[in-house]
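In Swiss-Prot this protein carries:
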type: BINDING; residues: THR47, ASN112, THR189; note: substrate binding site
type: SITE; residues: TYR105; note: site 'Important for catalytic activity'
Amino acid sequence: MATISAVQVEFLEFPAVVTSPASGKTYFLGGAGERGLTIEGKFIKFTGIGVYLEDKAVPSLAAKWKGKTSEELVHTLHFYRDIISGPFEKLIRGSKILPLAGAEYSKKVMENCVAHMKSVGTYGDAEAAAIEKFAEAFKNVNFAPGASVFYRQSPDGILGLSFSEDATIPEKEAAVIENKAVSAAVLETMIGEHAVSPDLKRSLASRLPAVLSHGIIV
C-alpha cells in the first residue's frame with residue numbers, strides 16, 4: 001500500500017485526506033502545487049492548488065496508467081485528461097498566497113475556461129449562462145492570504161463552489177453550476193494542455209504512480 005502524505009506549498013498545507021461536510025465524501029490528495037506569473041522578470045506565486053480525488057479514482061486510473069513512471073505520466077496529456085473526465089468525484093482547493101479580489105481571480109479563470117471550450121467546440125449558450133453564474137458567485141468575495149475556494153466536481157457535470165477564510169471546507173456550497181463542459185474546463189485549465197500550474201502537474205505525476213500500483217493507505 002502507498003501512504004498518502006500532505007503537501008506544503010509556501011505557508012499552505014494540503015492535508016493527505018479531507019472530508020467535505022457538503023458532500024459527506026472523503027478525498028485523498030492527488031497532488032498540489034503553486035500557480036504564479038512572471039512579472040518584470042520575477043516569478044510571483046499567487047495561489048496554491050490541491051487536487052483531491054475520490055478513492056474510486058484509483059481503480060479507474062490504474063486500468064490504463066498502472067506501471068507508468070512519473071517521467072512518462074508528466075508528458076502524457078491523456079493521463080491528465082483521464083483525471084479531468086474520470087467517473088469519480090474531484091475536490092479542488094485553491095488557496096491564496098497573496099491577497100486577491102474574487103472578481104479579479106474569477107475573470108482570469110473564466111477567460112481560460114472559455115478559451116478552452118471554444119477551442120474544443122463545447123462553448124454554447126448554456127456554457128455562457130453557466131460562466132455568468134460562475135462570475136456572480138465570486139462577485140463579493142475577497143481572498144486574504146490563506147483564504148480558499150473549493151471546487152467540487154461530480155462525474156455528472158455538477159460544479160459546486162464554496163469559499164472559506166482558511167482551509168476549512170464549508171458545510172454549504174455558495175453556488176452549484178450544472179454544466180459538464182464548464183466543470184471540466186476548470187480543471188483542464190489547471191492541469192491540461194495549457195496548464196496554469198505545471199507544478200501541480202508534476203506533483204500529480206510524481207505521487208500517483210505508487211498509488212496506482214499499490215493502492216492507498218491513509
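Keep in mind that glycine also has a Cβ here, set from the backbone N, Cα and C atoms.
Overlay of Swiss-Prot feature records on the structure.
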{"residue": "THR47", "record": "substrate binding site", "Cβ contacts under 8 Å, 6 or more apart": "GLU34, ARG35, GLY36, GLY94, SER95, LYS96, ILE97, LEU100"}
{"residue": "TYR105", "record": "site 'Important for catalytic activity'", "Cβ contacts under 8 Å, 6 or more apart": "PHE138, PHE143, VAL149"}
{"residue": "ASN112", "record": "substrate binding site", "Cβ contacts under 8 Å, 6 or more apart": "ALA185, THR189, HIS194, VAL196"}
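Those residues of the chain, other than THR47, ASN112, THR189, with a C-beta within 8 angstroms of the mean position of the substrate site C-beta atoms are ARG35, LYS108, VAL109, VAL186, MET190, VAL196, SER197. Of all residue pairs in the substrate-binding list (THR47, ASN112, THR189), the one with the greatest Cα separation is 16 Å apart.
Under DSSP, THR189 (substrate binding site) is assigned to a helix (H, G or I) in the three-state scheme.
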